[in-house]
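The transmembrane segment feature in TrEMBL is assigned to 12-30, 42-66, 87-120, 140-158, 170-189, 209-231, 252-274, 312-333, 354-377, 383-401, 421-444.
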Ligand code: PHE
C-alpha cells in the first residue's frame with residue numbers, strides 16, 4: 001500500500017482553502033447567478049440557502065468524516081466502513097469516481113471557453129484581432145484547443161500532489177479570487193442600473209417557487225459543495241486528526257455560500273447595467289434571454305459598452321472564473337487519481353496523466369457531439385449521480401457505520417462534541433432526514 005507515503009494538507013488554513021477551492025467553482029460564479037436570474041431572483045436565493053443549511057452542510061460533514069476515518073481514497077475508505085459488504089464499497093466508490101470524471105469532462109469545456117473569453121481582450125490589445133474573435137466564437141477547433149489547455153493545467157497541479165500542488169495553488173488562487181470579486185462588485189455599483197438588479201436579487205417573488213425550483217436549488221447546493229462524487233471524501237482523507245471537522249466544514253460552507261452570494265451580487269446588477277447600456281437581456285415576454293449563456297453573451301457586451309476599462313474588467317472577470325474552475329477541477333481529478341494511485345499502486349504523476357487523457361477523450365467526444373451530449377452528461381452527473389450518491393453516503397453513515405466508531409472519529413479534534421447540540425441531532429438527521437429529503441425532492445416532480 002502506498003498509504004505510508006500519503007500526502008496531507010500541511011495546515012488547517014491550507015485545507016480550508018483547498019476544500020473551499022473545490023467547492024467554489026463555476027457552480028457558484030456561473031451556475032448560481034444564472035439560476036437565480038432565471039428563477040425569480042430572491043425566491044431561488046432563499047431556497048438555495050435553505051438547501052445549503054438543511055441538506056448540503058450535514059452531508060459535507062458526513063463525507064469529510066468518512067474520508068478522514070478511511071485515510072484513503074473513496075473506494076478504500078468505504079471498504080473500511082462497509083466491512084461486510086466490500087463489493088458494494090467497490091461499486092459505489094467506482095461510481096463516485098465515474099461521476100467525478102464525467103463532471104470534469106464537461107466542466108473542462110466550459111472552463112476552456114472562459115480562458116478564451118479572458119484571453120480575447122488581451123489579444124485585441126496586442127493587435128491580434130482575428131485571433132481574439134476566434135477565441136470568442138463558438139467552434140469545434142476552438143473548443144478543443146481550449147479544453148486541452150484547461151485539462152493540461154488541471155493535470156499539472158494534481159501531479160504535484162496534495163501539499164505542493166492542490167494546497168499550494170488553492171492557497172495562492174483563492175485570496176486572489178476574493179480580491180477580484182471585491183473590486184468588480186465595487187465597480188459595478190458605480191454604474192447606472194445596478195440597483196435594479198439588486199432589487200431583483202433581494203426582493204423575493206414567491207410565485208416562482210414550485211417543485212422544479214426546489215429540485216434545482218438542491219442540485220445547485222450539492223454541486224456547489226462538491227458532494228456525492230467523493231471529492232470531499234478524498235480531501236477529508238488528507239485532513240489531520242487534530243482538526244475539528246464540524247467547524248471546518250462550517251467554514252468551508254460559509255465561504256462557498258459567501259462566494260455564490262457575491263457572484264449574484266455582481267452578475268444580477270451587471271445584467272441590469274447591461275440593459276441600461278442598451279444590451280437586450282429579456283425577450284418580449286420578459287424572460288431572460290439565453291440564460292445558460294448569460295455569462296458569455298450579456299457580460300462581454302456589457303464590457304464592450306464600457307470603453308477601454310471594459311477590457312481590463314473583462315479580463316479580471318474571466319480570470320476570476322478560470323481560477324474558480326481550476327481549484328474545482330483539481331478536486332474532481334483527484335478522486336480517480338487517488339483511487340488509481342492507491343488501489344493499483346500506480347505513481348501519482350502517471351495516474352494523473354493517464355486519467356487526464358482518458359477524461360480529455362471524453363471531453364473531445366462531447367465537443368464533437370456537443371448538441372446531443374453536453375446537456376446530457378451534465379444532467380446525468382450533476383442532477384442524478386450527485387444527489388443519489390449523497391443518499392448512499394447518508395445510508396453508509398446512518399445504517400452501516402457503528403455510531404460509536406463515528407463518534408470516535410469526529411471526536412478527534414473536537415473532544416467536547418458529545419455535549420453539544422450537533423451530536424444530538426446530526427446522527428439521526430443523516431440517518432433519516434437526509435436520505436428521505438433528498439429522495440423526496442428528487443422523486444416528487446416525477447410523480
Ligand atoms: N463545487 C464545484 C463548483 O461549484 C463543482 C464540483 C463538483 C467540484 C464536484 C468538485 C466535485 O463548481
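Cβ coordinates come from backbone N, Cα and C, glycine included.
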Can we call the transmembrane segment (383-401) and the transmembrane segment (312-333) in contact, meaning three or more C-beta pairs below 8 angstroms at a sequence separation of 6+? no
So if I exclude everything within five residues of the ends of the transmembrane segment (170-189), which remaining residues of that chain have a CB under 8 angstroms from its CBs? That is, six or more out. 13-14, 17-18, 20-22, 24, 259, 262-263, 265-266, 269-270, 273, 313, 316-317, 319-320, 323-324, 326-327, 330
Can you work out whether the transmembrane segment (12-30) touches the transmembrane segment (354-377), with the criterion being 3+ CB pairs under 8 Å where the paired residues are 6 or more apart along the chain? no
Between the transmembrane segment (42-66) and the transmembrane segment (312-333), are there three or more C-beta pairs closer than 8 Å, counting only pairs 6 or more apart along the chain? no
Do we see three or more Cβ pairs under 8 Å linking the transmembrane segment (312-333) and the transmembrane segment (87-120), pairs being at least 6 apart in sequence? yes
Determine which recorded stretch among 140-158, 209-231, 252-274, 354-377 has the most C-beta pairs below 8 angstroms with the transmembrane segment (421-444). 209-231
